[in-house]
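Take a look at the structure set out below.
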């Protein structure tokens, strides 16, 4: 493959065989950060991954005996009820135990399995022996205890008397009889048949299951239709395709035709990716440039069409998600340990969370219900949930989780899926954190999964160890297939199709007031009850909502400037002591005339500003207008409150209504 000249000797293995990093001097080769471990092949991995019992370097140097001989092997968590713990540590479905198919790496789920003597073709002797049923009552002793030849029971038809007491079907056997049921029914007490609720089986239908007496029916959500051959729901409309990053490119694969094309070439370190199907745009984060970009998908191959949205106050943006209903973008930053939001044009932005975050990675949105979800693979790994306006924060998953890299939402079935690259799992919970399930446990196919998405009945994920994209059946966890390989560090992956982003009303533009009447950001509020407010007005840092709960005013003890590009200006106070230094009235008049001719000032009602941050120093850029105004003193501080939710319609808010205010609440649920 070919790489750009700027990728040579930059410390990154861009070729895949490290040939672009050979013959490089020490001055041109980068090293790992203090929080990373350097493999013998020059790869960098998190320091926590070294000596954890699972090789993460391609040369396995992070688990070498010389380095890890004194380290104890990391303890695997106990499996919950309904799961079996393999001898090799992973958890699998309990019903996979002794099913004839090895699911554990060490095959311990198929050891110590009892001998089965079941079914209509087998007969269990009283002494525990198992023989063929056709050998019963044949006048030959096959059981050592003669229990297969009882004189009084052979040739006796118990079904002839009152149907044997069976409610539906009586089946006579050489010895005794059995009650049976027609399809759709099951025995309740060995004699009476009752209806089977087939819909209790999560795999019964692709999407919707309708139970009725004696049977059930499968149906599909709007936008899907039933495939008569596979009896599964298939999307109608345009052909779906996958889009993924491999650091230096964004590519796509048509899921029907399997066409493989390049979308955006010659990128540096594109990690996070998301799309807006309605506008045909994509958004991505580049860790090298520390910027967020956007482009129309059909024009992204031209670098001049790639627009920089966010170019300041970013450190390590590793996850990005698009609110396709309200035209906002959300992203995680593991360097600053924050979660932020901005308008889709990048002109207004706000940090929503800057506490209780360790290594935030992937983020996914549900704009219709007003929630965001994100993964954090830090020391206390977890998956969290909060409103799109930064309120009602809660932990969904915090147990039996190690390195939750990618997450994705199935909005139809209301479930969240994630990949755990340490436990080699694909798991899911409902959107309240309950009904947890393991879809797939496989060290072979989940060596180091990074991102995950889904469409129809398939779950797709990228794997850094195999440099491939895999898929598996979303219902059964079976039928694993490789979609593409030799991809050179595949990272984020998304599905482009209109059904992945269902349309919904824009809560901020349903009334007569654009942007909900908000002066700054209008964000969707979480829909917890039918009385929940539809949206929230948000102000920039160092500002809060005024009495009308729409416009922004300076927070207590400071002033703020509001412009097109979110910033908070901090200026020194000019102390008016110069007048005392003037020697005479004439000198004072000269100074006043000079000041009138040269001073450009800002009007407080509508100031314009831009602030950029590098390291610990702030550089202030002030845009001027032609109106007369004042420059106000500096204010510093972290994220300011309050957050106040506005009802859908206009008017002065009712104090008795449901308002959000104060610092966003952090709660934890198991």
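Note that Cβ sites are derived from N, Cα and C of the backbone, with glycine treated the same way.
In TrEMBL, the transmembrane segment annotation falls on 568-591 of the listed ranges 544-567, 568-591, 592-615. Ranges compared are 30-54, 55-79, 80-104, and TrEMBL records region 'Disordered' for 55-79. Here the CA atom of residue 209 (disulfide bond) lies 48 Å from the CA atom of residue 44 (disulfide bond). Residues 182-186, 412-413, 437, 456-457, 475-476, 498-499, 502 of the same chain lie 6+ residues outside the domain 'EGF-like' (195-234) yet bring a C-beta within less than 8 angstroms of a C-beta in it. Within its own chain, the repeat 'LDL-receptor class B' (327-369) is flanked in space by residues 272, 274, 276, 283, 285, 292, 294, 308-310, 313-321, 375-380, 386, 388-390, 393, 404-409, 411, 416, 418, 431, 451, 502, 504, 506, 520-521, 523-524, 526-527, 538, 540-541, 564-566, 638-639, 664, 666, which lie at least six positions past its ends and keep a Cβ under 8 Å from the stretch. If you look at the domain 'EGF-like' (155-194), the same-chain residues 6 or more away from its ends with a CB under 8 A from one of its CBs are 123, 133, 136-137, 148, 213-216.
If you check the disulfide-bonded residues 91, 113, 125 against residue 104 (disulfide bond), the ones with a Cα inside 10 Å of its Cα are 91. Applying an 8 A CB threshold to same-chain residues 6+ apart, the list for residue 98 (disulfide bond) reads 109, 110, 113, 114.
The DSSP breakdown of the repeat 'LDL-receptor class B' (414-458), given as helix, strand and coil counts, is 0 helix, 25 strand, 20 coil.
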